[in-house]
Amino acid sequence: QMMKHAWDNYKHYAWGLNELKPISKQGHSSNLFGNIQGATIVDALDTLYIMEMKEEFKEAKEWVEKNLDFNVNAEISVFEVNIRFVGGLLSAYYLSGEEVFRKKAVELGEKLLPAFNTPTGIPWALLNIKSGIGRNWPWASGGSSILAEFGTLHLEFVHLSHLSGNPVFAEKVMNIRKVLNRLDKPEGLYPNYLNPSSGQWGQHHVSIGGLGDSFYEYLLKAWLMSDKTDEEGKKMYYDAVQAIETHLIRKSSGGLTYIAEWKGGLLEHKMGHLTCFAGGMFALGADGAPNDKTGHHIELGAEIARTCHESYDRTSMKLGPEAFRFDGGVEAIATRQNEKYYILRPEVIETYMYMWRLTHDPKYRQWGWEAVEALEKHCRVDGGYSGIRDVYNNHESHDDVQQSFFLSETLKYLYLLFSEDDLLPFEHWVFNTEAHPLPVLHKDDGNKEENQK
């Protein structure tokens, strides 16, 4: 019902545009996608399919066939377009078998390739997909590329090679690992900034939240997606977790485990909503953890889930802030006005879903239901769902944006949390960082593809 409310209003007021402004009841466009349109449609395809909303899926597919156009003269975020558009098209193809999705995914993948034309092969953050000219975010340390951006292409690009028969996509992302493996890591940690020209780190900032987050997720998932044959990805992941445990994971005086941010060796005792995905990641990776650490990794996942639940529970609206702190006597509370907003983000619910699937402890469904009730009470408006400017306030101040990831991730993870485990089982599917399911590639898959052609 929530998906139907979000989708019907998008369709009614913003069809074909990127996102919906549910209060003004009009389209919303973010500069992340340049002039590419239809972000919500592409992002929601697999959710519609999984929820068996067949009519809606059919309309969405027809829109993609007729109107999804990448021949635009505009600068896009390589990372955002990859995780939402490439990822959305790939999983729509794998779920439905409809050729149009495969064709569009490969076409878009090809348009992203010029981003890798740098001295090191570390891609630019921004790319004009008509001219093929790339650059980095002007705010990024010393003209650097961002770890979470160039580190979150691997899953999609491996699948692009698999579906197109063109090895170039996989080669581009394997080269990124080569560059990273050659570099010295401060204390075994990966800084958020890497210069694509010099191949050297920028500022030594480390975060498992924004700017870093999905790089770590993709190391683990690359190994899982390879049917556990990608030993390099596996080793990089468990080594990184070891360093994160040593240097970033701390316990508050009230007994809450959190993941701090690292700035040139100094810790900032702050955790972002984005960082809350890590609970699910630790639990998902527990099974392959070295020397009897499986129970420890599950425990770590459970601790992070509890801390993130507290960040929700300690607000008036029972929805979590963008960032929360553990200093000056506060715990799991946002202390700065510009960190008190909630933009319909999925990460806490994502962790509940993984923890539920991997432990079946009923509290995770209970916590998920609390989030549903809070979303319905505070974010649902006549025209869809809106983010909130201050979750500590008793009165909603809506931001008037229905993010495409609300349909792609937040609602999908909630649906999976309350579904049986055999819907998209973990042994066959890996979710990209936008919650788009991609199949595990078994060793004999290559031959199968050849035979199908």
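Glycine residues also receive a Cβ, built from the backbone N, Cα and C atoms like all the rest.
For Glu80, Glu322, the entry in TrEMBL reads active site, proton donor. Under the heading active site, TrEMBL lists Asp213, Glu347. The Ca(2+) binding site feature in TrEMBL is assigned to Thr433. According to TrEMBL, the feature disulfide bond maps to Cys276-Cys308.
Overlay of TrEMBL feature records on the structure.
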{"residue": "Glu80", "record": "active site, proton donor", "Cβ within 10 Å": "22"}
{"residue": "Asp213", "record": "active site", "Cβ within 10 Å": "25"}
{"residue": "Cys276", "record": "disulfide bond", "Cβ within 10 Å": "30"}
{"residue": "Cys308", "record": "disulfide bond", "Cβ within 10 Å": "29"}
{"residue": "Glu322", "record": "active site, proton donor", "Cβ within 10 Å": "20"}
{"residue": "Glu347", "record": "active site", "Cβ within 10 Å": "24"}
{"residue": "Thr433", "record": "Ca(2+) binding site", "Cβ within 10 Å": "26"}
When distances run from the Cα of the residue listed as 'Ca(2+) binding site' to each of the recorded positions Asp213, Cys276, Glu322, the nearest one: Asp213
Rounded Cα-Cα span from Glu347 (active site) to Cys276 (disulfide bond), Å: 5
Integer Å distance between the CA atoms belonging to Asp213 (active site) and Cys308 (disulfide bond): 15
